[in-house]
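For reference, the structure is listed below as structure tokens.
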């Protein structure tokens, strides 16, 4: 028998110099120690109250809700602005395209800026800061007298979205504990898709100015609530503020939790890692390994084809005799919200890797079937100056198109459900978990920059790719990329379920 790395070897009791009765107390003592060590954590969490943690989380995720309103705003606003009688505000097809996509450029800049300010002024103040461009941006849109004011408003709200997409996951991961981090971390993406759905639904009854007024409410509320929320304990400990960190933990964990235990766990890892980013840190496997994983996850998220599917959603619904395309977009958003909520409920049970694998597999199958649908029904027109307004039925045989519309509807539903279950929320959650504290702002900024830059490139290059590969070909390309997502997840993405942030970082350093 080998126990504890070979302390005892398989031998007869006369060779070992002791009988089984003599050896048992040692074994029992070791097992008892392990039980006590395990129960120390269990006892701690039995005394933890999560009420104020949920309040702080709600205050923070108003940022992603605002982010969702920014993303969803352009869909109902563009038709209004294209038909408006005011020539100074009326958008042509090129201006409409930029009105929708310029947000991604602002967000890429915001991601870089967020990585700097989150280390300089902290997580809480960064959240309060990012609420201001939201408010100013929507105010400029509300008061817009020409197209350039619309652009400025969109860039500002995009800037805020970039900061939000970096800071909020960090804030939530650093205030939460291992037993709920997956669930509340997934709320970031849940609030994004809820904001998109809210913008679509409000757009059914509001014009573009009043819709902008509605969109300005969540960031205003976030600014007020975050005034009363704490800084994260990990950031405070990285700045040597132990007493303040313990006070924050008492606020977040409740008055009965012995927070000194958790503070010691965090403090030990923080001292080991330091708090100043140095160039030599990039040679540390505890830094470059998670950075590679995080960057590739952001890249693969945009290569799933989510923008292409959402691009064709309106046309597919029209082909399936859904005449009210506005309602159809709301239906799509509802599917996103429902399955993102499912992901939030099962994230800490099923684990990150399982959901990513299921998600990638579902998207690979659905985009492959999409390719078959387009192959059977004929080529998409590719000579339009504005691909947003392409009409799929224009060059199709009506009988075949309507007969096979159920394939497109089923594929679209499966794809959106799959993306919302895994590759929508999980990359942002994993990004917030895997980086050491001294490089967390820098590394997260790199990941956010890659995500938003790739989103812009994919959106602007989609029409050229469709001209080159055809409608079926581009969806088969997405299918192959989603299959690569699955392989990447299996071999490269660690499971972080149920682990503290310090345990996750030890895994990458090879000291777990």
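In case you wondered, yes, glycine gets a Cβ from its N, Cα and C as well.
Unlike curated entries, TrEMBL annotations are predicted automatically.
When the ranges 270-290, 354-374 are checked against TrEMBL, the one recorded as transmembrane segment is 354-374.
Range annotated as transmembrane segment by TrEMBL, chosen from 377-403, 404-430: 404-430. Same-chain neighbours of the transmembrane segment (53-76): 99-100, 103, 127, 130-131, 134, 154, 157-158, 160-161, 164-165, 167-168, 171-172, 175-176, 180, 184, 187-200, 202-204, 206, 208, 211-212, 214-215, 218-219, 221-222, 225-226, 228-230, 252-253, 326, 329, 333, counting only residues six or more beyond its ends whose CB sits under 8 Å from a CB of the stretch. Ranked by the number of CB pairs under 8 Å to the transmembrane segment (151-172), the listed stretches 96-118, 125-145, 327-347, 404-430, 474-493 are led by 96-118.
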